[in-house]
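What TrEMBL says about this protein:
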- LYS196: active site, schiff-base intermediate with substrate (ACT_SITE)
- GLU239: Mg(2+) binding site (BINDING)
- LYS254: active site, schiff-base intermediate with substrate (ACT_SITE)
Amino acid sequence: MYPLIRNRRLRTNEAIRRLVRETVLTPDDFLVPLFVVEGKGVKEEIPSMPNYYRLSLDSLEKEVKELWGMGLCAVLLFVKVPDDLKDNKGSEAINVGGLMQRAIKTVKNACPDMLVMTDVALDPYSSYGHDGIVADGEILNDETSEILAEMSISHAAAGADFVAPSDMMDGRIQTIREALEDEGHTHTGIMSYSAKYASAFYGPFRDALDSAPVDIKNVPKDKKTYQMDPANRFEAIKETQMDIDEGADIVMVKPGLCYLDIVREVRNEVEVPVAVYQVSGEYAMLKAAAEKGWLDHDAVMMEQLLAIKRAGADIIATYFAKDAVRLLG
Ligand code: PBG
């Protein structure tokens, strides 16, 4: 008894594999996170993120031109704020002359058609390293949302196409949406980090921006009262659905690889584009293993990105975007 149905027929050679391939990566899939710092001519490598850099505005200009030339069309901006500008309310976040606001203009001047998304959360601006205002050992929800709304308006006014709230306060999407409408920024979109888990994979990112929660009495040591418990699944759907109802144009699951079950479930449930953030710790793991010669960097990278797309990602925020596009040829 030999099988009549042989699945291997569809794997016989590269041509047939190409013909029946269900998932294909393209440069259009990627959103490129960029870290911006003050200074001139700065391009400093982040120790826990080999081959990834903090860029001053002039270096940012060069970088986005290069990205655009490679066929990448969207960036997600983060800024590293000097310690002396940090406070509990993240006042620097709404400075119209602040680094983020200047970075947005720099990208738009260099590449007018590049889509600019901006991170909206207090942590890089917070003296306590939290995404919201800290009071009596807690993170204030509604007061924080108000600042996030002001921050969003200032990003929109500087030219951001989308704001990306990554803070996980309740109701902030509605507060931000209403504020943008009131100020006439009706075309500014919101990409909500809707299912964002309290993950240990954000470590290298916090090194990059010097934004980890500080170890001071009466300041929470972690973000577990606002970011989601990695154990939970239904909650991800609830969070995502609520953000859509509040006005999110794009939703996100974060981190990526450990949460692909959530990605698939969210993709099946909602009708808006789903973004996935392959976070700094995921990047660092592969870099470290490849450096030791234990994994084939390029092959594993492409397999991971493909798996994220296959799981249901319409957009992948990834530090591998340039490397991947180079390989895609
Ligand atoms: C901050 C923010 C974080 C990331 C994106 N926005 C860190 C955090 O929540 O502590 C992590 C991204 C990464 O690890 O690559 N609100």
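Yeah, the Cβs are placed from backbone N, Cα and C, and that goes for glycine too.
TrEMBL: automatically predicted annotations, no manual curation.
Source: prediction; values computed, not measured.
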If you count the C-beta atoms lying within 10 Å of each candidate's C-beta, which of the active-site residues LYS196, LYS254 ends up with the smallest number?
LYS254
If you skip the near sequence neighbours and keep only those at least six away, which residues in the chain come within under 8 angstroms of GLU239 (Mg(2+) binding site), Cβ to Cβ?
SER194, ALA195, MET228
For LYS196 (active site, schiff-base intermediate with substrate) and LYS254 (active site, schiff-base intermediate with substrate), determine the Cα separation and express it in whole Å.
5
Looking only at DSSP and grouping its letters into three states, which state does the residue listed as 'Mg(2+) binding site' belong to?
helix
